[in-house]
């Protein structure tokens, strides 16, 4: 079993390396640079290109990129006043993990309930309703479901806040939207 897990982990690392390589070179094929702003003079652009290593050969830039990714140095944000990207990621990581775990729990619990109800009441309206709910849940993208839930429960009914991350009430709608796929899958397997 350990051998299988290590083999799968190795495949994952190879896939990640290939994706990173393709992404890097596709970005290099795009015209322009991050500093093609009309407000910058040619001298300022040259200084920025030199500072960030954009004048180096592509292979040197690629090796520098790989080294930085492996060491966790993702550079700085041009949009957020040169804050380190890793700090921006860390700030949003905990809410993302909380929302993902909540979505999994909600999806599994509701999927179990729906699947058991459909299995115990086969060929009745309960079974058919569970099938329709499962098909809709797996077919509608989570971002569309999120907008619909937000419109109904936040804008129209005013039961939940529209946006923000201040506690459980702000996590319910996004977690419900993300749980739809898990709910559908679990319900169909249980059925």
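Yeah, the Cβs are placed from backbone N, Cα and C, and that goes for glycine too.
Sequence annotations record features per position, and here TrEMBL assigns domain 'ABC transmembrane type-1' to 93-191.
Taken from TrEMBL, the feature transmembrane segment covers 9-27 (among others). Listed as Cβ neighbours of the transmembrane segment (9-27) (distance under 8 Å, sequence separation of 6 or more from its ends, same chain) are residues 58, 62, 65-66, 69.
TrEMBL lists 101-120 (among others) with the feature transmembrane segment.
According to TrEMBL, the feature transmembrane segment maps to 132-152 (among others).
Taken from TrEMBL, the feature transmembrane segment applies to 172-190 (among others).
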Same-chain residue ranges lying at least 6 outside the transmembrane segment (172-190) that approach it to Cβ under 8 Å: 99-100, 102-104, 106-108, 110-112, 114-116, 118-119, 130, 133-135, 137-138, 140, 142-143, 145-146, 149-150, 153-154, 160
Number of helical, extended and coil residues in the domain 'ABC transmembrane type-1' (93-191), per DSSP: 81 helix, 0 strand, 18 coil
